[in-house]
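Asks: One structure is given below, represented as structure tokens, and several questions about it will come after.
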Amino acid sequence: MENLIQIFNNAIGWSILHSLWQGASIYIILFGIYLIFYDMSSKTKYILAYIAQVIVFACFVFTFNKYIQYSSIPAGQSLISEQEELFLYIAYLQNTSWSIANLFPYIVSLYTLGLIVQITLCIKSYSMLNRIKKTSQAIVPRQWQDLLESMMQKHNISSRIQLLVSDYVTSPITMGVFKPLIIFPAAYINKISLKDTEAILLHEVAHIRRYDYLFNLFSVSIETILFFNPFVWLISRHVKIEREQACDDFVTQSHISPLEYSKTLLHVEVLRQEQASHTAMALSGHNKYNLLHRIKRINNYIMETKYTAFKHQIIAISCTALALLFIAWVNPETEANKMNKNTISTSTFIEETTEVHSPHISTSPAQVLNFSALIDTSKVHLPKKKQKELEKIAKRLETESKDLEKHFESAEWQEKIKNLEAYAKDMEQQFNTPEWREKIAKIERDALNISEKFDTPEWKERIAAIEKNALEVQKHFESPQWKERVKHLEAHAKKMEEHFNSAEWQEHISKIEQNAQKIEKMVNSPEWKQNIQEFADKTAKFTTDQLKRVSDKQRVEADKLRNHNN
């Protein structure tokens, strides 16, 4: 038993230590990919981050399994596999006078304690979500439900999505895999427009289409097991960020503009802060990513121009040229021991600098920088190969600069600048018109009147009366009499339910159904129809005979009356 515990401690201890450098390596690779391919979509970044998280967990499991297998090898059996030489060396270190393995019992104890804490937090979070699910109500406007159904049909979502509202959330959430739920705060019903609702629903539908709830469960499981590894949490942060950005992209790629979606996010955040000040639990407190950064990123799609993209290319090429220049200046010093010293003159002088201010767009022709003059290789004794490389770079930079000049001198660019100036002038004239100023003044007067109305004693007295009535209603619903009445109603309802579910009632219902079937069978039988027909014929004949007797009697009386008159 002690041997098994020691084997387990060694395997867990070494797996924890190796997981740190494994996580660091994978995170550095992921971050490098983000830097190199900075224009990747958020969906691709999310997939890469999630794969990186899974790889870290797989490395942890692989290391643990390897150490378990190594510790289980019988004595006398040697390991000659080249892939396991590292484990042999570690085993040698363990047999030395002092090794970090001596600390493994304490490390494993701390890991077990932390794992218990993490599992407890997960259970608490699950119970909180379960409570929200049970207390949510399906009281939503019909327009919201119609919007959701149209989105499900448009995006081919087969699973039934249920739309609910709850008092326990301060921002919209999505949960469930096979029977997904979208839960809105109850305060949203009368405070957001239909356009805002559509944007929010699109964002949550994107989570459902991507199965983010299911993948998030796996991610949380990895975070729980590898809670000690800071790189796992860093990768998880990228996963959460890119997940939200991918859903934002899904919204902006539909018919909702980035500006409208930004306004929706801002409105939702304002409502969340208002509600968070009145409720004890704010579900959005687990950081659904920074609001300002999301809004800035969403609007980058409409703020970026071809000029900025072209400028980024020029900056990248310039940095590459400077790096090659630095290498070219350093290498001759290292080769000075192999050849005669040459005097390097690097008196490059730039008399004029050009500043670019992004807010101001100049329509004047751009100045073409002569990169060949800046990189004067005639005064520097360099290898011919490097001189040719520098000349190629200089020519390339000069060509790019000329292309940039042509772009700014093109008719399309000049027309665009003129349109912008005309639009700005029209806006300025509109805001300076007397009508607009009168409108602004009216808005200010109305706001002042409303403010004065809310400050009047009558309004304050009315609000106080409303609060008093609300307090009385609350006291009534919290009174023992009301609770006793509700309890009595629940008990009565339970008795009724038991009565309707009892065997006697079921038997009674069964008898009623049998009698109804017999009556139906009798009514549909030929004998019954024949009897009905005979009864109808007899009734008609009897009616005819009675009418005939009455008619004859009236005729006799009429004859008697006529004879009497004569």
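Just so it is clear, glycine is given a Cβ too, placed from its N, Cα and C backbone atoms.
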Asks: Can you dig out which of the ranges 399-419, 546-566 TrEMBL describes as region 'Disordered'?
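Replies: Comparing 399-419, 546-566 with TrEMBL, region 'Disordered' matches 546-566.
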Asks: Tell me which of 343-386, 387-430 corresponds to the coiled coil entry in TrEMBL.
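Replies: When 343-386, 387-430 are checked in TrEMBL, coiled coil belongs to 387-430.
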Asks: Checking feature assignment: transmembrane segment per TrEMBL, candidates 103-123, 313-333. Which range matches?
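Replies: It is 103-123 that TrEMBL describes as transmembrane segment.
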Asks: For the transmembrane segment (47-68), find every same-chain residue at least 6 residues outside the stretch whose CB is under 8 Å from a CB in it, and list them.
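Replies: Residues packing against the transmembrane segment (47-68) from afar: 7-8, 10-12, 14-15, 18-19, 22-23, 26-27, 29-30, 33, 40, 84, 87, 215, 218-219, 222, 225-226, 229, 231-232, 235-236, 238-239, 242.
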Asks: Over the domain 'Peptidase M56' (63-297), what does the predicted model average in pLDDT?
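Replies: Residues in the domain 'Peptidase M56' (63-297) carry a mean pLDDT of 80 in this prediction.
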Asks: Counting by DSSP, what is the helix, strand and coil composition of the region 'Disordered' (546-566)?
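Replies: Split into helix, strand and coil, the region 'Disordered' (546-566) gives 20 helix, 0 strand, 1 coil.
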